[in-house]
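Positions annotated as region 'Disordered' by TrEMBL: 28-54, 253-309. Look at TrEMBL and you will find 28-52 tagged as compositional bias 'Low complexity'. If you look up TrEMBL, you'll see 72-196 marked as domain 'TFIID subunit TAF5 NTD2'. TrEMBL lists 255-277 with the feature compositional bias 'Basic and acidic residues'. Here TrEMBL flags 353-387, 423-455, 465-506, 507-548, 549-590, 591-632 as repeat 'WD'.
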Amino acid sequence: MEEEEIEKAVLAYLKKKGFRQTEVAFQEEQQLQQQQKHPQQQQSKNSSSNSHTDPDVAKLILTFTSESESLPAQYYDGYSKLRSWAHNSLDLYKHELLRVLYPVFIHCFMDLVARGHLQEARSFFITFREDHETMHERDLQKLEGVLSPSHLKEMEFAHTLRQSKVNIKICQYSHELLLQYLLKIQSMLGVVNEHINFQVCPGQPGIISDDADAVTLVDGGQDAANLINQKEIQWGMLEDSIEDRLEKGGGLLLDSDKVDGENKEGENEENKKRSADGGKQAAPVKKSKKDKVGGAGGKAARPEVITPLAPRVKPELTLPAMPTEVEHSILEDLRNRVQLSSVALPSVSFYTFINTHNGLNCASISHDGSLVAGGFSDSSLKVWDMSKLGQQMDNTALQGENDTAGNEHMHSANGGKIPYTLFQGHSGPVYSASFSPLGDFILSSSADSTVRLWSTKLNANLVCYKGHNYPVWDVQFSPYGHYFASCSHDRTARIWSMDRIQPLRIMAGHLSDVDCVRWHVNCNYIATGSSDKTVRLWDIQSGECVRIFIGHRSMVLSLAMSPDGRYMASGDEDGAIMMWDLASGRCITPLVGHTSCVWSLAFSGEGSLLASGSADCTVKLWDVNASTKTPRSEEKTGSSNRLRSLRTLPTKSSPVYSLMFSRRNLLFAAGVLSKRS
C-alpha cells in the first residue's frame with residue numbers, strides 16, 4: 001500500500017472520529033515532510049518501492065476505507081446498539097446515559113444528509129424519531145425539512161446544531177461506562193467526540209429532575225456565554241421610587257402590622273359571635289384561628305425584616321412624571337398590601353372567556369383588575385369593563401362595537417352579558433396586549449408585524465408602530481409607562497416610546513423567534529425569551545446583551561421579574577420553570593410540576609411567592625424564599641427540595657393565559673373555557 005494512500009486514510013479516520021487537533025497536527029507534519037523531501041524527489045521515487053507497511057496495518061486501514069462506503073449501515077447499527085445498551089443499563093445510571101441518545105441521533109441524521117445518503121437518512125430519521133418526540137418535538141419538526149446537503153447550510157437551526165457542541169452533565173462512573181462501551185463498539189465514537197462535550201461531576205449520578213439543565217446547546221461554546229455573563233449589571237430598584245420611599249420610611253411594615261391588627265380584631269369579633277351561637281363547639285375553632293393568624297403574621301413579616309434592601313440605581317431612561325393623585329393612590333394600595341407567605345396565600349380572581357370559538361389568542365388585565373382585554377384571531381381587540389359586571393346590555397352599543405361580535409361575552413355571576421369595547425385596526429391575528437400602568441392606554445401586537453396604541457378613554461387607535469418584518473409575538477409596557485418593548489419572529493426585540501414611530505433600540509442576537517419580553521423593575525434592562533431555548537438580558541442604553549441564561553430544553557414562553565430586581569423566572573413549552581439569579585446568570589433552582597406550556601408568570605408584591613399559569617388548566621403557587629435560599633446540604637440530596645409548589649389551583653377546563661398580582665396582592669387570572677372531549 002502506497003504511503004500517500006495510508007496518509008489519506010489516516011486523515012479520513014481522524015476526521016471521522018472527531019480528533020480535530022490531531023488531524024491538524026498530522027497535516028502540518030505532512031507539509032513539513034513534503035518540504036524536506038522536495039530536494040530529494042528523485043531519491044524518494046527510487047526508494048518508493050520499499051515504502052511498504054505492515055500487512056496487518058494496511059489491511060486495517062483498507063477496511064476503514066471500505067467502511068466509509070457503508071456509512072448508513074454503520075450509523076443505523078451503531079445507534080441501534082447504543083440505544084439498546086443505554087435502555088438496558090442499571091436504573092441508577094440509565095437517565096444519565098439516555099441523555100446521549102438525542103444529540104447522537106440528530107448528528108447521525110445530519111451526517112448522512114451531508115454525505116448524500118438522503119434516502120438512508122430519511123429511513124434512519126423515521127425509525128428512531130419516536131424516541132425523542134416527547135422532549136424535542138419542535139426540533140424534530142424543523143429537522144424533518146432537511147432534505148438535501150444544501151439545507152444544512154441554509155437552515156439556521158440545522159447550521160447552528162452543526163457548528164455547536166452539546167454540553168451534557170454526567171457523573172464520573174456513567175462517563176467511564178459510556179467510554180468503555182464506545183471504545184468497544186467504535187462506530188459512534190466519532191459522533192460523540194465531535195459533537196458532545198461532557199461535564200463530568202464526581203460522586204453519585206444526578207437526579208432525574210436535573211435533566212432540565214443537564215443538556216444544553218450553546219452557540220459558539222459555553223465560553224462565549226460565560227464571557228458575556230461576566231459583565232457588570234445593576235439589578236436593584238430605582239432610587240427615590242414610591243416603593244423606595246415607603247420602604248425607607250418603614251411605612252409599609254408599620255401599616256401592614258396595622259392591617260394585621262385590624263384583621264385580628266375582626267376575627268376576634270367573628271369568633272365571639274360564633275361562640276355565642278354555638279357554645280362550646282366554637283372554642284376549638286377560635287384556638288385554631290388564633291394559631292393560624294399568629295403563624296401567618298410571624299412568617300409573613302420575616303422576609304420584610306431579614307431580607308437586605310436591594311441596591312438603588314439611577315434610571316437610564318427619562319421617566320415620565322407621575323400625577324400627584326395617582327402617586328397617593330399607589331401609596332394607599334402599598335400601605336394596605338396584604339403580606340403573603342407560604343402560610344398566607346393570596347385570593348384569586350379568575351376571569352373566564354366563553355364562546356370564543358377557539359379565537360382567543362391572548363388576555364391581559366389592568367393593574368387594578370378593572371379592565372380585561374382579549375386579542376382574537378379575527379384581528380380584533382376587545383376590552384371588558386369589570387365595573388359593569390352583571391349589568392344587562394342596553395340598546396346603545398359602545399363606541400367601536402358592531403353586531404358581528406355581539407354574541408361573545410364573559411361569564412358573570414348572574415348570567416348577564418357584559419358589554420365590551422371593540423378595537424379594530426389590525427389586519428392579522430392579535431397575539432399580545434398590554435395595559436399601561438394607569439390603565440388609560442393599551443398596546444396590541446399582531447401577525448401584521450405592527451404594534452398599535454389604543455386609548456381606553458377615547459376608545460380609539462392613536463398610533464401604529466411599524467418596524468418589525470414579521471409577526472410580533474409580544475409587547476409590554478414599561479413599569480412607568482411611556483416606553484414599551486416588543487419582540488418578533490424576525491429574531492429581534494425593540495424598544496419604543498409612545499411619542500416616536502421608530503424604535504429607539506433594536507436588540508439582535510437570538511438564533512430563533514423571540515417569543516416573550518419583560519421589563520426589569522428599574523427600567524434599565526429588558527429580558528427576552530426565545531425559541532432557541534435561551535433567555536437574554538439586554539441593556540437599554542447600549543442595546544448590548546449582558547446576560548445569557550442557558551438551561552431550558554424547549555422554547556421559552558413566559559418571563560417574570562421579582563419586585564426587588566434580584567431574580568427572574570422563566571417558563572417553557574415543556575412546563576418547566578427556572579429561577580435565575582441576574583447577578584451571576586445562574587439557575588438557582590428548577591420548579592417542576594406543570595405538565596404543559598407555562599404561558600404566564602407573576603411575582604407577588606413583596607416577592608415571596610411566584611404564580612404560574614399553564615395550558616394544563618392550573619395555577620400553581622411557589623415559595624420563592626424556599627427556592628432561593630436552599631441550604632447546601634439539601635441541594636446535594638434528593639429531589640424533594642426541587643418541588644416547591646405550595647398549592648395547585650385547578651380550573652374547571654380553562655388553560656391559563658394571563659396572571660397578575662395587584663398592588664394589594666390580589667391575584668388576577670384569565671383563561672378561556674375549552675371543551676374537552
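Glycine too: its Cβ is placed from the backbone N, Cα and C atoms.
Outside the repeat 'WD' (507-548) by six or more residues, the chain places 138, 156-157, 160, 217, 219, 225, 228-229, 231, 233-238, 313, 315-317, 319, 473-480, 483, 485-489, 491-495, 554-565, 568, 570, 572, 580, 582, 585 with a CB less than 8 A from a CB of the stretch.
Per DSSP, the secondary structure of the repeat 'WD' (465-506) breaks down as 0 helix, 22 strand, 20 coil. Mean pLDDT, taken over the domain 'TFIID subunit TAF5 NTD2' (72-196), works out to 85 on the 0 to 100 scale.
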